[in-house]
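Asks: This is the structure I have questions about; it appears just below.
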Amino acid sequence: AETAPAAPADSVPASVEKPPAKKRGKKPVGLTGTSRKAPSASVSKLITEALSVSQERAGMSLAALKKALAAAGYDVEKNNSRIKLGLKSLVGKGILVQTRGTGASGSFKLSKKAAPEPRKGKVKKPAAAKTKKLVLSRDSKSPKSAKANKRAKKSRTTAAQKAARSGRKTKEAKVKQQRKSPAKARAAKPKAGNPKLTQQKTNPRKATNRK
């Protein structure tokens, strides 16, 4: 009778130790839930990439989208519901525009706001063009200044040439005057010599008379 109460004392701690084992088993369930949420982001990326590649103006249908995703290596049959949820979320965010149909069925295309990358490239090109225009405007201004400098130099050279020509003309005029003045002096000298000759001619007669 004394050994009987010892057995239930051993069974009580065993029952107390079991609940923490059950709590540990609940943690992996939360991890699996987080792992299921991750593929939705990849699905939305694949959908946006497929629509950016498509050249259809009216948009891409759901069947064509599934084909593009399957070609990219995505399992469409297992993740059909995720594709539809991804399409709805993208339409709600404004990244996609539904051109036809309702809900997940129909055709979709990227909105203008969802493609900023090509616009950035287009914006960068005009910026480079503006810099080129500024450089060209600076270069265009420099030839004008060079032309103005050339004109100023030409005006200076022409003024110097005119001054040199006027100096030459004055020198030539002086030389001509100097040439003319000795000729006049020469012409005047013989006139002064004629009376002497007459005196010499008259002098012999006077000598004969004296004789």
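Just so it is clear, glycine is given a Cβ too, placed from its N, Cα and C backbone atoms.
The following feature annotations were taken from Swiss-Prot:
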- 1-16: compositional bias 'Low complexity' (COMPBIAS)
- 32-42: compositional bias 'Polar residues' (COMPBIAS)
- 121-135: compositional bias 'Basic residues' (COMPBIAS)
- 147-156: compositional bias 'Basic residues' (COMPBIAS)
- 176-189: compositional bias 'Basic residues' (COMPBIAS)
- 39-112: domain 'H15' (DOMAIN)
- ALA1: N-acetylalanine (MOD_RES)
- ARG57: citrulline (MOD_RES)
- SER142: phosphoserine (MOD_RES)
- THR158: phosphothreonine (MOD_RES)
- SER166: phosphoserine (MOD_RES)
- SER181: phosphoserine (MOD_RES)
- 1-42: region 'Disordered' (REGION)
- 101-211: region 'Disordered' (REGION)
- GLN55: site 'Important for nucleosome binding properties' (SITE)
Asks: Using a 10 Å cut-off, grab the number of neighbouring Cβ atoms around the Cβ of ARG57 (citrulline), all chains included.
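Replies: ARG57 (citrulline) is surrounded by 7 other Cβ atoms within 10 Å.
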Asks: Mean pLDDT for the domain 'H15' (39-112), rounded to an integer?
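Replies: Per the prediction, mean pLDDT sits at 78 for the domain 'H15' (39-112).
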Asks: Could you give the number of helix, strand and coil residues in the domain 'H15' (39-112) as assigned by DSSP?
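Replies: Within the domain 'H15' (39-112) the tally stands at 40 helix, 11 strand, 23 coil.
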Asks: Measuring Cα to Cα, how far is ARG57 (citrulline) from THR158 (phosphothreonine) in Å?
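Replies: Each residue's Cα considered, ARG57 (citrulline) and THR158 (phosphothreonine) end up 71 Å apart.
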Asks: Between the Cα atoms of SER166 (phosphoserine) and the residue listed as 'phosphothreonine', what distance do you get, rounded to the nearest Å?
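Replies: So the alpha carbons of SER166 (phosphoserine) and the residue listed as 'phosphothreonine' sit roughly 12 Å from each other.
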